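Feature annotations, reproduced from Swiss-Prot:
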MOD_RES   Met1  N-acetylmethionine
BINDING   Cys8, Cys22, Cys25, Cys31  [4Fe-4S] cluster 1 binding site
BINDING   Gly62, Lys63, Gly64, Gly65, Val66, Gly67, Lys68, Ser69  ATP binding site
BINDING   Cys235, Cys238  [4Fe-4S] cluster 2 binding site
MOD_RES   Ser319  phosphoserine
Amino acid sequence: MEEAPHGCPGADSAQAGRGASCQGCPNQRLCASGAGAAPDPAVEEIREKMKTVRHKLLVLSGKGGVGKSTFSAHLAHGLAEDGDTQVALLDIDICGPSIPKIMGLEGEQVHQSGSGWSPVYVDDNLGVMSVGFLLSSPDDAVIWRGPKKNGMIKQFLRDVDWGDVDYLIVDTPPGTSDEHLSVVQYLAAAHIDGAVILTTPQEVALQDVRKEISFCHKVKLPIIGVVENMSGFICPKCKKESQIFPPTTGGAEAMCQDLRIPLLGKVPLDPHIGKSCDKGQSFFVEAPDSPATAAYRSIIQRIRDFCNSHQSHAETLISP
C-alpha cells in the first residue's frame, strides 16, 4: 500500500476507505474492500503472554474524578493482603497516570530484562506498571494521538514480565476511548473476567455510567458490578450519615436495579482516603476501622468470589 494520508482511520477501522480523509487516497478502494486489513499479530502474542495470568479485571468509570484509580489501587492492596496471592496493577490512563503517586512509587523507573519490562514492586506480591514510570517528571504532559496510545498499551500487555499472577487489575481512563477499545481488543483472546464500574451517586455521573454499560454490552465485556463511591459521609464522632452528593435519581442502587446489574457496594467518603493516596500508602493500614475500609473489604470479597466462580465455570466448560 502507498503512503497513508494524514488522518487515516487505519485499514482495520470500520471507516477504512469511507472516511473524509480517505477521499483521493490511492489506497481507498483497497481499504474499502477490506483487503487491506490483516489480523494484528500482537493479539496472539498477548494471548500467549497472558497465559500466566489467572484473572483479568478492568476498572472503568464514565466520568473522571469519581475515584477509579483510588479504587484500582486499593483493590490491588486488598487482594495482595493474602501473601500467597500475586497481584499486578496496570495503569493505562496514558494522559493522566496517577497510580505511581497513589502507590508511593513516584520517581521509579522501568527496567528492561531479558524477558521484557520488569514491573515496579510495592511488595513481593504486588507489581505495578504505568506510563508514569517512563516520564522524566510527574509534571510532564503526555500529548499523544490514538495510534501512539494504542501502541503503548500493546507494549504494556505484550512486553511486561509479570510472571505468574493471580489478578491483573487494569486501571483505565474515564469514558470510552481508544484505550478501552485497545485493551478489550488485545485481551479478548486472553479472556477478560469482567469490568468493575465506578460512579458517584449524582445523576450527572450516572448518565455517563449508562454509556459505559452500553459500551460493555457492545464489546461483549462482562460486567462484574458497579461500585458507588463517595456514597455519603459518616461522622466519626456521632456516626450519623450525611449525603454530600445527593442521589437525586436514586443513585447507583436504582440504576443497577433498572439495568439488572449487580451493585457491589457503596463506599462512604473518608478524608483519610485522600491523605493516604497523597502519601502513597494503603488506606486500609491508615484507617483499619473506618466504615469505608469495611465497605472496600466487602466489595473486594465479592469480586474475589465472582472470579472464583468464573474460573470454576470456565474449567467446567473445558473439562473432558
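Cβ coordinates are placed from backbone N, Cα and C, and glycine is handled just like the others.
Cα separation, Gly64 (ATP binding site) to Cys22 ([4Fe-4S] cluster 1 binding site), rounded: 33 Å. When each of the binding-site residues Gly64, Gly67 is scored by how many other Cβ atoms sit within 10 Å of its Cβ, Gly64 comes out lowest. Distance from the CA of Cys235 ([4Fe-4S] cluster 2 binding site) to the CA of Gly65 (ATP binding site) is 23 Å.
Counting in whole angstrom, Ser69 (ATP binding site) lies 25 from Cys235 ([4Fe-4S] cluster 2 binding site) by their C-alpha atoms. In the three-state DSSP classification, Cys22 ([4Fe-4S] cluster 1 binding site) falls within a helix. Other residues of the chain with a Cβ within 8 Å of the Cβ centroid of Gly62, Lys63, Gly64, Gly65, Val66, Gly67, Lys68, Ser69, the ATP site, are Ser61, Pro174, Leu198, Thr200, Ala205, Asn229.
A separation of roughly 26 Å, to the nearest angstrom, links the Cα atoms of Gly67 (ATP binding site) and Cys238 ([4Fe-4S] cluster 2 binding site).
The Cβ of Cys235 ([4Fe-4S] cluster 2 binding site) lies under 8 Å from the Cβ of Glu241, Ser242, each of which sits 6+ residues away along the same chain. Looking at Lys63 (ATP binding site) and Cys22 ([4Fe-4S] cluster 1 binding site), their Cα atoms lie 33 Å from each other. Cβ neighbour count for Ser69 (ATP binding site) (all protein chains, 10 Å cutoff from its Cβ): 28.
With respect to their backbone Cα atoms, Cys238 ([4Fe-4S] cluster 2 binding site) and Val66 (ATP binding site) stand 26 Å from each other.
Annotation for Cys8 ([4Fe-4S] cluster 1 binding site): same-chain Cβ neighbours under 8 Å, separated by at least 6 residues, are Gly19, Ser21, Cys22, Cys25.
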